[in-house]
Amino acid sequence: QDKYAQGFGLGSVNPDLASERQTASFSVERLTTVLDGGAEHTRVRRAVVEAIERDPVFSRENQYFQTQNERYEAAVRKAVHLQKKMHEMGWREDGPEFIYIYRALAGDVAFLLHRVFMRSISVLGSDEQVAKWIPLATKHQLIGSYAQTELGHGTYLQGLETTAVFDTTTQEFILNTPKISAMKWWPGDMGRSATHTVVFAQLYVHGKCYGVHPFIVQIRSLRDHSLCPGITAGDIGPKMNFEHIDNGYLMLQNVRIPRENMLNKFCEVQPDGTYVRRGSQKINYFTMTTLRVSLLSDEVILPLMKACTIAIRYSAVRRQSKLNPGEEEAKILDYQTQQEKLLPQLAAAYAFHFINNYLHKLFDRGYKEIQERNFSSLPELHASSSGFKAMLSQYCTAGVEICLRACGGHGYSLLSGLPSLYTKILASCIYEGENTILLLQTARFLIKCFAAASAGQPVPQSVTYLAAVKPGKCPAKNKLDFLNPDIYVEAYQHTAIRLLSSTAAKLQDLIQSGVKKHEAWNQCTVQLVQAAKAHCHYITVKNFVETVEKLENKAGIQKIMKHLCDLYALHGIFSNAGLFLHDGYISGAQMDMITASYLDLLGVIRKDAVPLVDAFDFTDKSLNSALGSYDGNVYQRLYEWAQKSPTNQQISPAYEKYLRPLLHNKLSKL
């Protein structure tokens, strides 16, 4: 390939980008290992990325020019090839490499729901069921999916309409989607690929409904892939993104499955129809809850990191108009408005990386307890996963769009990599629970904890602050005081408590005045959502501060992270000024100090902006962006990539059909 090749730093680096790297205040390599959780993790990740990017089957080079069918076929080809590759490399599903494989493929493979299928059997199935199904799934002797969402119901599980009726005479469950809204709609891998799926359905025994339960159902023949009797299934059609995933629909008409196909680690229907429950029904939610957290890193935080990398590198090489008369045109990253768009997104990407680590620790602890049949941590896990999934997906989606717009016209080109990052991350606001509903679930938990804390009862670790004594006013005297984490953490805590306590009081007043409980709740939902967001925002700031305090104080790491932490916190106050000014906790004069400190920080972090995105350590192939490559040769690359467009390789049929007659008709009259 020529000098614009896609490798890491091939060809000469644009001097405008090279100069940015020479003045880094910290060791980029050291920060990369901090983000990876240690040098060994960095080594493993790079080895996985290199192995995958060297393999031509995994190439995403012409992805922006492919049709939906081509994308789907490529995704299936990659998924099948991946099995071979894992075997060849000695990578295991439970090995340290696994988390990096999906990331290196940028999610561009089929059968992602196959893992969710396996996960749900492992968590919800008995030992016998695990022994039967997991080996088959591991060897890909079947392809699984996860059929929960219906045409008429998504987040509200109790409302699902698919039914499973137990027939004691044949020892079978009979599954039906009794009306159009009951058909399964959206499950990935189900439109064309899956042979089996876990169907969530309302269980009926002897005419009594026992609620939603999971059932393993075969939907396609293992011989010729034709649909099984009673099954109607297909693809749901074009979407904003995820063209490579065959999201499907599924209708069931009197489909019979053996009694053993109901996943029964926690509940079972015995041969005579007796329903037995073991442990907590809430465990069904645990699978969803862990899925929610496992998605955050790859589907929500990484796209923001990638968008920041593309936009910040581009802003260091794009020059436009003059800052100082008589000098050359300025880098757009030198304009304060451009810094104010991009640097808070960069700070947020770091903040969210650290909150993701916090959530994983919380969940690992909770998972151990659940294995021992102790379900007491479930409410906190559920509330945390719901709130942070909602807050992060909402913020990161907005952040990616800001990065796209900050690149001007070129950001709108698919070749920039930004539109596909945006349309993909946009879906994260909806799947695995619609964000508003998730925030309301978090709020419900917070209201309960607030009542308990006010009554002096013990509450989970993450909400002990609700019992804190609240000082009346922020003690800051000048702009430097706002670089003291104690000051801004206290401000966030105060605001979170205020929003929650005022909403709790409103709820109480409504109920005492005779309004029915559910109606009173509905009248408070806008403020409840606000309170849940404030809680998550507070925990994110507090966790960033605690993380920075624990960082090693060498290679300049702690210092630059402290700047980013300050920026993240002050940007949050600056952008939500009303919440902090509302009760006078922060005064107008103090808000001016916050603004001054915030704007000063932009200039400080500007100097390290390019090294800070370099530390994310994305290869050019993983960014797949003409604007964001390591060498900064954006104009050459845009032109080179545009040449690859199929429309530039052939004459359009529209010329013969329409343009020629039009032009010749006109010409003859000249």
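Think of each number as a place in line: the chain as shown, counted from 1.
Even glycines carry a Cβ here, placed using N, Cα and C.
Record features, source TrEMBL:
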type: BINDING; residues: THR149, GLY188; note: FAD binding site
type: DOMAIN; residues: 27-143; note: domain 'Acyl-coenzyme A oxidase N-terminal'
type: DOMAIN; residues: 285-447; note: domain 'Acyl-CoA oxidase C-alpha1'
type: DOMAIN; residues: 484-663; note: domain 'Acyl-CoA oxidase C-terminal'
How do the residues of the domain 'Acyl-coenzyme A oxidase N-terminal' (27-143) split into helix, strand and coil according to DSSP?
85 helix, 0 strand, 32 coil
The domain 'Acyl-CoA oxidase C-alpha1' (285-447) [mean pLDDT, rounded to integer]:
94
Taking each of the binding-site residues THR149, GLY188 in turn and counting other Cβ atoms within 10 Å of its Cβ, which one has the fewest?
THR149
Any idea what DSSP makes of THR149 (FAD binding site), helix, strand or coil?
coil
